[in-house]
Amino acid sequence: MNHKSKKRIKEAKRSARPELKDSQDWCRHNYCEVFSLNPSTVLDNVERVDAAQLTTEEFIERYEKPYKPVVIINATAGWPANEKWTLERLKRKYRNQKFKCGEDNDGYSVKMKMKYYIDYMEGTRDDSPLYIFDSSYGEHPKRKKILEDYEVPKYFRDDLFQFTGEKRRPPYRWFVMGPPRSGTGIHIDPLGTSAWNSLVHGHKRWCLFPTNTPRELIKVTRDEGGNQQDEAITWFNVVYPRTQLPSWPPEFKPLEILQKPGETVFVPGGWWHVVLNFDTAIAVTQNFASCSNFPVVWHKTVRGRPKLSRKWYRILKQERPELAALADTVDLQESTGIASDSSSDSSSSSSSSSSESCSEDDSSSGAEMMSRRKKKRRLCNGMGNGDITTQDDCASKERSSSR
């Protein structure tokens, strides 16, 4: 690794994780040596279905409507990404393009050129390495070529947030890439949206918990996690062993997945989930609002993003009047029954948010969270325009990429 590469990597690490003062802090737990990344340790107890044999209607009835996680095989067949997304080809094609690999303490993106990031990936011994989790590639003149390498699987093409306009809609798609031990800390995706994650290369370990799982049961405390409180590897080291004890409540036993190349994980709205990369992993993931989850997403958007909801409603009235009519029937005073994770209101660059409470509505999001943090947060992708929880949506999927 040349001097310039080392310098750029050091700068990115210092910006993304200022609480880690030196190289010793980054490797303090020696997870590179002592943490097992053996696939045989994963129970892998989630149902798998074949995209070639499952219609969209069957998927909606069997999985989406009942909020049931599932792993889909063959949904990525024919993707150019299967051949194009190798380290060698990505380094060649996007060599000097910058990708987000974290956030600083003011909420600004920390970015690294692909050539430097791959140098970092290939040599890191960090406990929880920096992780590319980039949501802006689709708007960039060169990086948007990534969009040509995959297509949204047939089950997830209902994209109702498109009716808010591209400039206003919350971030919803991410190109993700990271080395072993990188990952995404435990969280619930924002605004009641569901998600899909298609893995092109590598292996990912998932744990998922139902929406009614008590937050205090599955969150790492500051005393337990210290500076690595919000990291996926910390969660698997601290919390996961408890889930296997006889004393763990049986109704909150995790679903476990060892996601393999070519597999797509469906995460219904409200499900807690944590993801750890077992090896070099390259994937694409998107959040979505569909006709099935629209009542919940609408409820949470009105409560958490009121200005966005008004714009959304006006366009739905014109383009999808049946959904505007459905929105009129949603009782905003009743709980949705689908939890919200207030720690997803902030990236893990704001560790103070990790002790906030989880609730079944969005009544405490927004102004309260922002005033408690008292941080200057950049509006993500030019969105916001008066919505106080704009940053909440930007950071949910990016929590451990920035910490």
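Backbone N, Cα and C atoms are what each Cβ position is placed from, and that goes for glycine too.
DSSP assigns K204 (substrate binding site) to a strand in the three-state reduction. In sequence order, G183, N197, I257, L258, Q259, V265, V275, L276, N277, F278, A281, A283 are the residues near K204 (substrate binding site), counting only same-chain partners six or more apart with C-beta under 8 A. Sequence annotations record features per position, and here Swiss-Prot assigns substrate binding site to T184, K204.
Note on H187 (Fe cation binding site): other Cβ atoms within 10 Å of its Cβ, all shown chains, come to 23. The Fe cation binding site feature in Swiss-Prot is assigned to H187, D189, H273.
Marked as compositional bias 'Basic and acidic residues' by Swiss-Prot: 394-403.
What Swiss-Prot records for 141-305 is domain 'JmjC'.
Across all of the motif 'Nuclear localization signal 1' (6-10), the predicted model scores a mean pLDDT of 95. Summarising the annotation, Swiss-Prot assigns motif 'Nuclear localization signal 1' to 6-10.
Annotation source Swiss-Prot lists motif 'Nuclear localization signal 2' at 91-95. Broken down by DSSP into helix, strand and coil, the motif 'Nuclear localization signal 2' (91-95) contains 3 helix, 0 strand, 2 coil.
Broken down with DSSP, the motif 'Nuclear localization signal 3' (141-145) shows 3 helix, 0 strand, 2 coil. Summarising the annotation, Swiss-Prot assigns motif 'Nuclear localization signal 3' to 141-145.
Positions annotated as motif 'Nuclear localization signal 4' by Swiss-Prot, on the basis of similarity to another entry: 167-170. Within the motif 'Nuclear localization signal 4' (167-170), the DSSP-based counts of helix, strand and coil residues read 0 helix, 0 strand, 4 coil.
Annotation comment: Swiss-Prot describes 373-378 as motif 'Nuclear localization signal 5'.
With DSSP classes pooled into helix, strand and coil, the tally for the motif 'Nuclear localization signal 1' (6-10) is 5 helix, 0 strand, 0 coil.
Of all the Cβ atoms in the protein chains shown, 30 others lie within 10 Å of the Cβ of T184 (substrate binding site). Taking CA atoms as the reference points, T184 (substrate binding site) and H273 (Fe cation binding site) are 9 Å apart.
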